[in-house]
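*Asks:* A single structure is presented below for examination.
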């Protein structure tokens with residue numbers, strides 16, 4: 001009697017194991033690094049053109065202040081509260097210009113904001129559809145009315161872009177959405193791109209900008225390192241970078257072409273495809289348990305009270 | 001666990017003991033800090049940052065705490081699926097621990113959630129996001145908490161049915177003159193409650209097995225998904241832990257942690273309540289542990305070898321040391337239980353259980369926190385308030401357990417226990433000893 005039930009148990013364990021082993025299978029073609037759609041809009045930031053004036057930061061905060069409940073971040077030395085001086089992206093700042101300095105003559109500015117990934121981790125992670133990717137424009141946007149504030153999007157983002165309002169009782173997640181509901185709607189382009197006096201932030205269709213980026217590298221091979229950041233990172237992004245320095249030095253992480261989000265979904269969908277495995281597991285377990293219970297009752301232990 | 005009520009007994013003793021008040025103190029400190037968090041924001045009470053958005057509330061209270069609460073799951077697997085009914089007397093205390101572990105993990109999440117008022121989105125199909133591992137974990141954990149409460153219900157119904165309502169009668173007597181003018185109505189009401197409880201109990205008994213099976217299916221789902229959760233963190237999680245095998249490793253991990261918790265908790269409560277140790281049952285459970293832990297270890301190392309990560313261990317950096325600690329604790333705890341002699345020693349059963357809980361828990365802690373590195377410039381260490389909130393939540397669990405075992409029949413009944421071993425002999429001698437004999441005792 002015991003040996004058959006043990007066999008049943010092993011069978012059940014085998015089923016679960018097989019489902020889990022399928023996880024280790026390589027990515028299927030459908031979840032591989034997908035190309036962004038033809039209609040996707042994008043931003044091309046050319047670090048070699050940026051003069052570090054931070055006008056983009058000011059415009060971004062002015063335009064999106066109300067929507068995201070943003071605040072100004074003053075330095076302790078700024079008693080008159082004249083300058084918004086964020087050190088980094090934060091719950092109050094959707095974009096930031098930073099300086100990378102190699103020597104007194106060799107330096108570069110770099111702009112940080114959401115990469116609007118082709119296969120965004122935040123969208124894949126969010127349990128309540130608060131992070132969404134527009135199938136036409138490719139914009140990754142945040143909906144505070146659905147968000148539960150679990151911060152799984154922050155765990156999932158390889159660029160550490162989504163920020164949380166840690167010091168607010170009613171906090172939000174803050175990140176760039178290409179001014180989807182503000183400047184893009186009103187003026188056809190994000191506030192940073194509209195404001196930039198140096199022409200460092202180009203805005204348009206992704207396919208055009210990607211061609212433009214490669215063209216700039218081809219025409220000025222001395223000016224750029226031969227790579228467009230955002231073209232292939234974790235499956236590609238709608239925010240593209242050109243720079244004179246290796247991107248890692250500018251604080252942009254070196255990432256593989258595979259998207260962890262795609263891998264995670266692949267595993268989850270393998271286990272839960274059509275909800276067959278859980279139902280089968282329940283059915284098998286119920287059959288075994290019922291039989292065991294009956295056996296036990298036949299032994300006379302069921303009606304002893 | 002339906003009809004076997006004489007397998008369990010209410011633990012005798014006062015509820016308001018000194019440990020009760022010490023625990024209550026920690027509970028109140030924790031609750032006060034939680035109240036403060038809702039006014040001042042999550043950042044005001046934690047060491048969390050945008051690089052480390054999850055701290056000990058998720059890594060301990062949820063990821064590790066629910067594994068410690070897997071005793072009910074692991075025992076149900078053993079009893080109902082592997083047909084080992086001799087472990088049945090242990091299940092109620094395991095289920096009670098699970099109830100607290102899971103419900104309080106859910107409570108911790110509500111404290112941790114920034115926009116908790118939107119959590120109702122989990123019940124709106126229009127907001128369901130099927131790609132999200134967290135979505136699956138959340139629904140599963142909520143369902144399982146409900147199932148656990150249903151599984152515990154027979155103990156509650158039994159008490160309601162058989163209660164003499166002494167406490168209610170005494171307090172109503174005290175209130176009599178002012179508030180309760182009609183003792184007869186009260187008595188009738190209480191009788192009706194008892195009757196209804198008895199009525200419900202019979203119905204519940206018939207369908208309980210389906211909830212029990214659900215209580216085995218759901219943890220198999222969400223415990224593996226708790227592992228899948230961190231796959232999306234990609235390269236932020238050290239290659240010592242980041243693997244496609246995370247779901248399988250988390251699933252097996254929670255099973256051996258579940259058995260270890262049963263060992264640990266049973267010895268500890270027997271010691272605390274001055275009861276006889278359940279060495280006989282525990283040694284049987286302890287026999288399984290090395291095999292489950294061994295299987296886990298084989299997959300763990302097989303995966304590391306397959307991904308060429310052995311050199312990463314040999315760097316002996318922080319991650320490698322935590323990896324070694326995790327492996328040593330689990331290996332040590334499991335190795336101890338290979339020997340039959342050790343399995344019969346309450347001291348070693350306790351030690352092995354504790355080592356496996358520590359090691360197995362550390363594995364989860366490593367995946368969620370220690371092996372997680374968002375990049376340069378970020379660091380995390382829990383703040384005092386954050387730590388005290390977790391301590392408060394653990395205190396609620398222990399306090400709740402200590403209190404409820406003195407109200408409901410949860411602990412194994414030693415008389416029934418030993419009686420089953422040599423039933424015929426008992427029946428023979430019963431005639432001679434009774435009345436007033438050992439086994440005829442009430």
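Cβ atoms are placed via backbone N, Cα and C, with glycine included.
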*Asks:* The [4Fe-4S] cluster 2 site in TrEMBL lists A:60, A:176, A:179. Which one of A:50, A:53, A:192 belongs there according to the record?
*Replies:* A:192
*Asks:* Report the candidate from A:56, A:150, A:157 that shares the [4Fe-4S] cluster 3 site with A:114, A:117, A:122, as recorded in TrEMBL.
*Replies:* A:157
*Asks:* A:153, A:196: which one does TrEMBL list with A:50, A:53, A:56 for the [4Fe-4S] cluster 1 site?
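*Replies:* It is A:196, as the record lists it for that site.
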*Asks:* For [4Fe-4S] cluster 2, what surrounds A:60, A:176, A:179, A:192 with a Cβ no more than 8 Å from their Cβ centroid?
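*Replies:* Apart from the listed residues, the neighbours are A:56, A:59, A:63, A:64, A:94, A:95, A:113, A:178, A:183, A:190, A:191, A:193.
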*Asks:* Give me the long-range Cβ neighbours of residue A:176 ([4Fe-4S] cluster 2 binding site): same chain, 6+ apart, Cβ under 8 Å, in sequence order.
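*Replies:* Same-chain residues close to residue A:176 ([4Fe-4S] cluster 2 binding site) (Cβ under 8 Å, separated by 6 or more) are A:60, A:94, A:95, A:113, A:114, A:116, A:161, A:190.
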*Asks:* Starting from the Cβ centroid of A:50, A:53, A:56, A:196, which together make up the recorded [4Fe-4S] cluster 1 site, report each further residue of the same chain whose Cβ lies within 8 Å of that point, ordered by sequence.
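*Replies:* Checked against the 8 Å cutoff, the neighbours are A:51, A:52, A:54, A:55, A:97, A:109, A:111, A:192, A:195, A:197, A:198, A:200, A:201.
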*Asks:* Using C-alpha atoms only, work out the spacing between residue A:53 ([4Fe-4S] cluster 1 binding site) and residue A:157 ([4Fe-4S] cluster 3 binding site) and round it to an integer in Å.
*Replies:* 28
*Asks:* Quick test of understanding: given the binding-site residues A:53, A:147, A:150, name the ones whose C-beta is under 8 angstroms from chain B.
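*Replies:* From A:53, A:147, A:150, flagged as close to B: A:147, A:150.
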*Asks:* Please work out the number of neighbouring Cβ atoms within 10 Å of the Cβ of residue A:153 ([4Fe-4S] cluster 4 binding site), leaving out its own Cβ.
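*Replies:* If we count other Cβ atoms within 10 Å of residue A:153 ([4Fe-4S] cluster 4 binding site), we arrive at 26.
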*Asks:* Roughly how many Å separate the Cα of residue A:150 ([4Fe-4S] cluster 4 binding site) from that of residue A:56 ([4Fe-4S] cluster 1 binding site), to the nearest whole number?
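*Replies:* Between the Cα atoms of residue A:150 ([4Fe-4S] cluster 4 binding site) and residue A:56 ([4Fe-4S] cluster 1 binding site), the distance comes to 30 Å.
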